[in-house]
Amino acid sequence: MPRTARASWAPARWVRSPSPPHCGHVWSPCAGADLSQSRVPEGSMLATCRSREPRPGALTHGKSRRKRRSRVVSSMRAPRAPSRPAGAARAHGSRRPAGSQRAIFRQAMRHWEKHTCVTFLERNDEDSYIVFTYRPCGCCSYVGRRGGGPQAISIGKNCDKFGIVVHELGHVIGFWHEHTRPDRDDHVSIIRENIQPGQEYNFLKMEPEEVESLGETYDFDSIMHYARNTFSRGIFLDTILPKYDVNGVRPAIGQRTRLSKGDIAQARKLYRCPACGETLQDSQGNFSSPEFPNGYSAHMHCVWRISVTPGEKIILNFTTLDLYRSRLCWYDYVEVRDGFWRKATLRGRFCGNKLPEPIISTDSRLWVEFRSSSNWVGKGFFAVYEAICGGDVKKDNGHIQSPNYPDDYRPSKVCVWKITVSEGFHVGLTFQSFEVGEHIPPLPAVLDSHSLQWEWDIERHDSCAYDYLEIRDGSSESSSLIGRYCGYDKPDDIKSTSNRLWMKFVSDGSINKAGFAVNFFKEVDECSRPNNGGCEQRCVNTLGSYKCACDPGYELASDKRRCEAACGGFLTKLNGSITSPGWPKEYPPNKNCIWQLVAPTQYRISLQFDFFETEGNDVCKYDFVEVRSGLTADSKLHGKFCGAEKPDVITSQYNNMRIEFKSDNTVSKKGFKAHFFSDKDECSKNNGGCQHECLNSFGSYECQCRSGFVLHSNRHDCKEAGCDHKVTSTTGTITSPNWPDKYPSKKECTWAISTTPGHRVKLTFSELDVEAQQECAYDHLEVYDGKDTKAPALGRFCGAKEPEPLVSSGNKMFLKFVSDNSVQKKGFEATHATVCGGQVRAEVKTKDLYSHAQFGDNNYPGGSDCEWVIMAEEGYGVELIFQTFEIEEEADCGYDYMELFDGYDGTAPRLGRFCGSGPPEEVYSAGDSVMIRFHSDDTINKKGFHLRYTSTKFQDTLHTRK
């Protein structure tokens, strides 16, 4: 989001507006800020929705809602008929959503399309569209359409869940929260004393003249309904309580998984969807006139919307046609249009009994409409369709996606696209986002660093032999190969050398992934013109444009074409200082300074900052200092720095260093002052005379020895040392003595590994090369599940085959390596890490358990799923005493949480789900075991928890005391 954009919600309400709102959009924020005057950033994701004209009726503008997961409901505002094709929303995304987010947006839009007659389309050049963006309000949108131009739907942090996006799109097409309906008091009770202070307005009831529910009854199951504890002062306090139904049961509310039957019925009424027909999204299928083959009734109107993946086409075949025949098919007919709505290009209007030729769409959508007005009785029609991928694509821009995207692509597919843009242009491909793996390196001659926008997730394998996308620079399979891509790594941007590009997608019959989405467009290389693009020194081609650049020591003048002397320069002194422009005053805007430092051979350059203050934070997007080993912009990067924290001393890898300073056109700070000095690297020649390793330091150097050796008194040679090690770090590497050279003979080494209580040790071998013998009787490595050799053995290993990873049952593991006096090999290398969860024994002595291995030093990591089973001896229960508890707080503990079960596993009675900072202090089991489950998502991380456990005599009743 550009830093100039500002947003704040303006609560407002309007009733029965006479103005045409078009497309059913009257936006309603769910939390936070007014977007009416905010700028739409470039690179946004846009959508357009289309359907029949909405019903006229009451319209209302939304009020602000909670920033995070908005639990919303449907009371409906009905817009007037639009002047353009209605029910279509053009969509665009701001701040470049990630590939997984874009996939969720598409899945949510397809969910609405499948069950209603609303259609969402990628924005082209429309003036009015919805913008998927990230605003301070979190999860929020307007109800329906609000004026003209772009309108934002904010998908903030933790909002990018399928059900939440479906919910927010419900606001976009005209739905209010269900619990605000005028008749809500007949169905739910609002417990106002439990509502968080300042959030009471979220529970206000609408007036009958403000909304229209179109005759639909109150819908507890609506995706637009709040949950019972939304905006509650405590996790277990209700703010909305459903009233008992006829069976004496309180209905469940607040689901976020799919549209309810009531949501679907209400939307179909609002947008006046035809009574028959549907949206068909499968790769193949069939449909027929009502009551086929037993005839159809008069005055029927049905619409089928066939929608497949962009980049695919649809082949439609009528296998039976028996309709009343009239001149121009005036009375009964079936009509096929090449697009998404009733005014798309007509491909044919059919009646009588002559079967049409197969129809192939030019894009990924077809509109099929059936009308009957006669009383003639015929069978009707039956049609089948199939999505076909690939083909000749002759247009200047568009979208191509793998079959069935954003869901998993289909097995055993081969798709070939031949893209052709206008003469004189190149084909550009732009990756929107990416999850793909290994590929053949692209040919430099056809690469452009600003040309590809994809979403990727293709089966990964090193040679791309199974599922892959192949791109060639031309019009055929014999054209020059640009690359073959698979896996998860994002390829570089791509540009063809001509106006043609060839793409081939292949999937085998096994593993299927989400695939890819790519935009293609016509691209011109302005820098290839005779005048160098009008640039005085260097021309750099960019996506859809170009820019001028200058050689080191120069910067662009105000006309952005000429170059003039600038800060920076070429320095060969052994030591000196550099400062930002204008030091010690604030640096000017739009500066680009490059210093190139060169020292004599065998020297290294060190850079130390005396003062540092630039605009920015961890992202370093605006103003920054960049330091590299080497003289070019693609040399080894040491770091990109901004903010107010001084970087540590930086030492070059070679005898040269590149320092670049950039400022943008807004905020200026004091800048930086740094000094540099050069030092001879004695280690670069003959390893400094060291037997093992040489470590250079300023003005000197020192020798170091490998594992199992100590430095000799001559400070250069190494001799064997004691070989018993205590390892307490949570992660690290363990190697045999003298690794990676051969281990010495007659050696015995031990490693006693211990990690955080409540966690286990995982040992993973990266290499094993120990003298082989069937029973490992000579040289071998022994691993024990405990603190010493008295613990149960996990294995004895020798030979050259790496063992499978080993995991201890407790927080200790013991390793013993033995070599005899004969054959020596390379040895072994293994990494140890900490694994959460496991089984532990509760005893009278109190023991500790921590949420994560680095508790107290760092917050718990994201993506954790841990289970502990604490068992006591027969006749005893388990007592848990919480010392610390700090987990991300959320109303229903849906993000990060701890769950307690009174038994061995998750099928036992659940004692509760906990989050926030108000945990239970003590918990007693009713049996001899307790299971603890801890989950964290990939966003907010907190301190975690620390508990102590012990065995205790059984309690009559299990209880949790707070």
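Any Cβ shown, glycine's included, is placed from N, Cα and C.
Look at TrEMBL and you will find E168 tagged as active site. Annotation source TrEMBL lists Zn(2+) binding site at H167, H171, H177. If you look up TrEMBL, you'll see 62-71 marked as compositional bias 'Basic residues'. The domain 'CUB' annotation in TrEMBL covers 276-388, 389-523, 567-679, 723-835, 836-952. Here TrEMBL flags 50-102 as region 'Disordered'.
Locations of recorded TrEMBL features on the structure.
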residue : record              : Cβ within 10 Å
H167    : Zn(2+) binding site : 31
E168    : active site         : 26
H171    : Zn(2+) binding site : 30
H177    : Zn(2+) binding site : 31
Original post:
Mind checking how the domain 'CUB' (276-388) divides into helix, strand and coil residues in DSSP?
Top reply: 3 helix, 57 strand, 53 coil
Original post:
How many of the residues that make up the domain 'CUB' (567-679) does DSSP mark as helix, as strand and as coil?
Top reply: 0 helix, 57 strand, 56 coil
Subject >> the residue listed as 'active site' and H177 (Zn(2+) binding site), Cα-Cα, nearest whole angstrom >> reply: 10
**OP:** Over the span of the domain 'CUB' (723-835), count residues by DSSP class, listing helix, strand and coil in order.
**Re:** 0 helix, 56 strand, 57 coil
Original post:
Mean pLDDT, the domain 'CUB' (723-835)?
Top reply: 90
**OP:** Give the residue counts of the domain 'CUB' (836-952) per reduced DSSP state, in the order helix, strand, coil.
**Re:** 0 helix, 58 strand, 59 coil
